[in-house]
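Asks: Grabbed the feature section from TrEMBL, which reads as follows:
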type     : residues  : note
DOMAIN   : B:143-206 : domain 'CBS'
DOMAIN   : B:207-264 : domain 'CBS'
TRANSMEM : B:289-306 : transmembrane segment
TRANSMEM : B:318-342 : transmembrane segment
TRANSMEM : B:363-384 : transmembrane segment
TRANSMEM : B:390-416 : transmembrane segment
2 protein chains.
Amino acid sequence: MMLLENTDVNKSQWEDLHTYIDNDEMEPFRDEFLSMHPYDQSLFFEKQQEYVRQHIYTYLSPNETADIMEHIELVDIKPFITEMDPRFAAMVIGEMATDDAVDILNELDKDVVVSLLTMMDAKDADEIKELLHYEEKTAGSIMTTEFVAVHQTKTVKDTMNFLKAEAPDAETIYYLYVIDADKHLVGVVSLRDLIVAEEDVRISDVMNENVFAVSVGKDQEEVSQMMRDYDFLALPVVDFQHHLLGIITFDDILDVMDEEATDDYSKLAGVTDTDRPQDGAFAAAKKRLPWLVILSFLGMLTASLINQFEKTLDQMAVLAIFIPLIAGMSGNTGTQALAVAVRGLATGNFSKEGKWKLILREASTGMITGAVCGTVITAIVYVWQGDFFLGLLVGVSIMATLIVATLSGALVPIFMDKLQIDPAVASGPFITTINDIISILIYFGLATAFMQLLI
Amino acid sequence: MMLLENTDVNKSQWEDLHTYIDNDEMEPFRDEFLSMHPYDQSLFFEKQQEYVRQHIYTYLSPNETADIMEHIELVDIKPFITEMDPRFAAMVIGEMATDDAVDILNELDKDVVVSLLTMMDAKDADEIKELLHYEEKTAGSIMTTEFVAVHQTKTVKDTMNFLKAEAPDAETIYYLYVIDADKHLVGVVSLRDLIVAEEDVRISDVMNENVFAVSVGKDQEEVSQMMRDYDFLALPVVDFQHHLLGIITFDDILDVMDEEATDDYSKLAGVTDTDRPQDGAFAAAKKRLPWLVILSFLGMLTASLINQFEKTLDQMAVLAIFIPLIAGMSGNTGTQALAVAVRGLATGNFSKEGKWKLILREASTGMITGAVCGTVITAIVYVWQGDFFLGLLVGVSIMATLIVATLSGALVPIFMDKLQIDPAVASGPFITTINDIISILIYFGLATAFMQLLI
């Protein structure tokens, strides 16, 4: 038994492996390396220099190499495939699960893909080509074609024997999909049911006819949500005539979930495309600049707004010192409200009344936080500046901006959702800048209106 | 076959169900209702008024009700359990998977739990009590005790027969854990391997001795990460003497992932505890106020900083109008950098060199974005205000603040991680306020230093 303590590597094991490679001892290397879990193999593999990896390619079979590749993150895989001998690379990809193979090919340049496919076993290549057609981020693009389908007229015993032959190749054997003579999906039977059933019963008598499926063009995020809601380990994919095309398994959904969570998180932070620590500075700057440039222009708008209140500001320069406080508070409360609304819209289940309820709630929340913060700030400014009306002006401005900003944090994503725009696009920076403008208008508006009390 | 189109409810089906309840027709209701997937059942169930649900409780068995409960979100479940007849509630919880039952009991008041446990079947109660001991958010708290363990001396045929009896109750039968005479975990065998194996072979000859396990006190987030890295469908949990205590299955990990993603997202938005759309306004205000009050004080610090530059500001009131622009840009670039660093630290695999590389990269990214935005802003301000030196001052301030703010967005979470504080605590509002202060210092510092050029 091996206790998973942490993801630290086994140092002495790595040293052994290095010694075997340095002495070009293939058999001891294979014994040690293949005793490791493929994920641990991938950790070792990724940390090596190219000449070491070239040794590893000669020591391992395409199938053993494919196991490693399946545990490497997709964004990191391109250099490994391209440094392999093309014929070997083609065999490695041919040995992988079809959906994983397609994911990798999507990372490579088009001419490389074409040459790899021509070098591949024709059957593997055909399966891959079929999947390559499906649009990115649809059910078709994440499904695998390595599923087990049984004909409804077969018996339990026939099916178990058939399974014994198919088990090593299929992506999952725990659900068997039942088809009729025209390959329409008509039912599902779990291996659990098969084991409990009598041997001479027909599949059509033990199968569950209420089999759920998704159509091949369905968005992957919706598929992921459905699989979690219904607790499916696997979900069949069909075309518009209900022919069974493939299945989506649990591990595919995990990747989708990770992708979507990182995506939402990045958008809240105002990064247009997912920014990864391993990208270079230019790539990172390119992803962040669109927002920053837009915000420069919006910031100019704020500046020109304050400029409208030049006279007020000239008479009372002290007003300027509270600008960051007021703008900052409104931006922060807006982001807080935004996060709740976006997350709520993303996980679905928001009825029409639910949206009204949320808007009402955010208005109330804004009033409570506004009253508390407004009072605190009035008191501090009064004590500090010794001017009650100034304190009241700043406090009331905070209260008013907190109410409006909290409300806008909920309204903007709901409105975007209504316009069928992904509400996660209403990111932190966007709502912050809108709320900057609103808060400046309220603050200087109030100051100008009540000027006579302040000087 | 049923095509999953969207999560919209089947209206005519709901109408039928309502008619049956109104006429108190139990059998037609059961036929229709039980033909639905438990998740769809839960959607209907949750939307009903209490008197309708009381009808449903009388129509369904505890086991059928348990299926519905397992599809309801944990945070929503308390009112349903408390409105049931206590004896019925005890039976419902007794029928659930042990880990789900424990999750529900953790949501209820302590005296309710005690009375439910006394009314429950003694064996179920004992299993639940055992799990209730484990600390929240550990492997022990999410594992189930309904796993299949086989003795290593058994044959494949014995095991298959044993499985036929156990299959209906176990949480998963796709992995069987192999134990020795003292209940130590010694191996694992998949159902797939069993099916392919000869009938009279011993389990010890087909099992994989390289079975991975986690200790019962392990943090749930680390367990979730490991299961994803290694692609495990289930993972055994052991005590410090390597006795097998339970297993963690895939669906448990999905919940953990959802929880952690929402948690990180909320923290970036500056909400201390996870804020949910269905909470009331007071609950929401309570969660947001801590941050807002802290930010009020930090905002005061910013205000007093600007106050130090009173003389500069009096001489050049126009400086005030660019405060929101500069503070806003620095806050946004900081949040962008923060998101990358926090996400990178959260998903692990950040070596020491990796951190230095990230810091270096963020410095370079800050220089690139700073140069671009600084140039754009210098030009705009020059054209707008007709003052080249003012344009240069604002532009250079933007450039300097973007570099420092981007760098601080990476440094703060890395520093927190070093101090063993969860880097996600370094949320958007926190970094924004720090960067407000830095940017104000740079802007007014430069303005004061080069005052003679500006007037």
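Here the Cβ of each residue, glycine as well, is placed from N, Cα and C on the backbone.
Walk me through where these features lie, including what they touch and how far apart they are.
Replies: Averaged across the domain 'CBS' (B:143-206), pLDDT for the predicted model comes to 87.
Here the domain 'CBS' (B:207-264) is broken down by DSSP into helix, strand and coil counts: 26 helix, 18 strand, 14 coil.
When Cβ-Cβ distances below 8 Å are used as the criterion, the transmembrane segment (B:318-342) is approached by residues 264, 268, 306, 312, 358, 362, 365-366, 369, 373, 377, 381, 385, 390, 394, 397-398, 401-402, 404-410, 412-414, 423-424, 426, 428, 431-436, 438-440, 443-444, 447 of the same chain, each at least six residues removed from its ends.
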Asks: Which residues, given as numbers and ranges, are at least 6 beyond the ends of the transmembrane segment (B:363-384) yet have a Cβ under 8 Å from it?
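Replies: Residues packing against the transmembrane segment (B:363-384) from afar: 322, 325, 329, 333, 337, 390-392, 394-396, 398-407.
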Asks: Run through the domain 'CBS' (B:143-206) and tell me, per DSSP, how many residues are helix, strand and coil.
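Replies: Helix (H, G, I), strand (E, B), coil: 21 helix, 18 strand, 25 coil.
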